[in-house]
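**Student:** Here you go, one structure.
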Amino acid sequence: MTQMEEARKGNITPEMEEVARKENLDIQMLIRGIANGRIVIPSNINRESSPCGIGENLSTKINANIGSSSKMEDIELEVDKALAAVEYGADAVMDLSTGPMLRDVRKAVLEAVDVPVGTVPIYEAGVEAFMSDGAVVDMDEDDMFRAIENQARDGVDFMTVHSGITLETVERAQRSGRIMGIVSRGGAFLAAWIMQNQEENPLYSNYEYLLEVAYEYDVTLSLGDGLRPGCLADASDIPQISELLTLAELVERARDADVQCMVEGPGHMPLDQIAANMKIQKEVCDGAPFYVLGPIVTDMAPGYDHISAAIGGAVAAMNGADFLCYVTPAEHLAIPGVQDVIEGVIASRIAAQAADAARKLPGAWDSELEMADARRSFDWDKQFKLAFDSKKPYEYRMQCPIEDSEMCSMCGEYCALRILREDR
């Protein structure tokens, strides 16, 4: 049985117990959230991983994307990136490999990390069609579902499936006058296939079969936003919202089949539109967990998109987003390296922490109080221990060491805290 089915029967699984403990949440509240589809625990029956709850009343979670490309493929490097992401606090990892050895990368990542691992199976179907026949659009329905079944069997915990890309939504996108068109790679694969074959998207027309596979392995479906905006000017347009309405219907069908699912969201979006978009998704998708990429709030910061995404992510999480997909400094420019992954994870953790502290979640608020106490007490070691990145602040402090262990080189003997303490 899936986690959802167990919850609906009132059964408590080991995964539920662990999530309730981590979140300091009443187990019955957690069970209700899973049963009604507002919380998911991605946990494939073929793989053991550290359980992670995503959704209503839980702390904001972070995903880190890694993966090879046709231009750069190194299995060991991808494993190193996955391990670095987990070390710096990612709650999940997605392998988005599109290189010839994508299966080997996936299996290596699944073995290397103990957090939930996600994939986008349409990449495998498209890449194999390209390598064998010369074009992504040469994949057929069997290729698509074969990739999904193989990855489910391998132990993948959650999968992005672009079932909301349909004949109707593709035609609507073509008429929309978008500046950036379709920027989702998986969405583009399927849109091109639909236009080439003039047939309905198999992941939509045969959604019931997709649900059967997901149910068998308890794979959490991440309903992909293939029509997410690729620039601020395209945000909140008709293609984006029409796809969201399709995804809302698919959420209901997944729940009817006892299959866990979450919904993916934008994307590039002006700051003033984020809160409304989060609330629209939560309303039309009946509280399904919302998994957002960023959102990136300005297109003017290549090389610094992790900062842009953290700004958007904080606003999104404060208004209902449950799962933040990190963005690295290499976004839009190159495949990220290990250091890019680290910086992306830290930026997203800052966003998640800011939102969770604003929501007054006990764990987040308590850690803020701990850090404040450590600073007031000049407890540098504790400050470094509490920090998302303990190495960087330590290195800054060591750049200009001074004899007094309490002081730093910024204020020295004119430290406000010390002056007031000594006056008292």
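Using the three backbone atoms N, Cα and C, a Cβ is placed for every residue, glycine included.
Okay, so Swiss-Prot annotates it like this:
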BINDING   Asn65, Met94, Tyr123, His162, Ser184, Arg185, Gly186, Asp225, Gly226, Leu227, Arg228, Glu264, Tyr291  substrate binding site
BINDING   His268, His332  Zn(2+) binding site
BINDING   Cys408, Cys411, Cys415  [4Fe-4S] cluster binding site
**Student:** Among Tyr123, Tyr291, all listed as binding-site residues, which has the most CB atoms within 10 Å of its CB?
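**Tutor:** Of the binding-site residues Tyr123, Tyr291, the most buried by Cβ count within 10 Å is Tyr291.
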**Student:** Using a 10 Å radius around each Cβ and counting other Cβ atoms from all shown chains, which of the binding-site residues Gly186, Gly226 yields the largest count?
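**Tutor:** Going through Gly186, Gly226 one by one, the largest Cβ count within 10 Å is at Gly226.
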**Student:** Identify, in sequence order, the residues in the chain of Cys415 ([4Fe-4S] cluster binding site) that are 6 or more apart from it along the sequence and have a CB within less than 8 Å of its CB; answer 'none' if there are none.
**Tutor:** Glu406, Met407, Cys408
**Student:** Listing them in sequence order, which of the binding-site residues Tyr123, Gly186, Arg228 have their Cα within 10 Å of that of His268 (Zn(2+) binding site)?
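**Tutor:** Qualifying among Tyr123, Gly186, Arg228: Arg228.
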**Student:** For the [4Fe-4S] cluster site given as Cys408, Cys411, Cys415, which other residues of the same chain have their Cβ within 8 Å of the site's Cβ centre?
**Tutor:** Met407, Ser409, Met410, Gly412, Tyr414, Ala416, Leu417, Arg418
**Student:** Where among the binding-site residues Cys408, Cys411 do you find the Cβ with the fewest other Cβ atoms within 10 Å?
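**Tutor:** Among the binding-site residues Cys408, Cys411, the lowest count of other Cβ atoms within 10 Å belongs to Cys411.
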**Student:** Among the binding-site residues Arg228, His268, His332, which residue has the fewest other Cβ atoms within 10 Å of its own Cβ?
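**Tutor:** Comparing Cβ neighbour counts within 10 Å for the binding-site residues Arg228, His268, His332 gives His332.
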**Student:** Please work out the number of neighbouring Cβ atoms within 10 Å of the Cβ of Asn65 (substrate binding site), leaving out its own Cβ.
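**Tutor:** 24, counting other Cβ atoms within 10 Å of Asn65 (substrate binding site).
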**Student:** Rounded to the nearest angstrom, how far is the Cα of Cys411 ([4Fe-4S] cluster binding site) from the Cα of Tyr291 (substrate binding site)?
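**Tutor:** Just about 42 Å between their Cα atoms.
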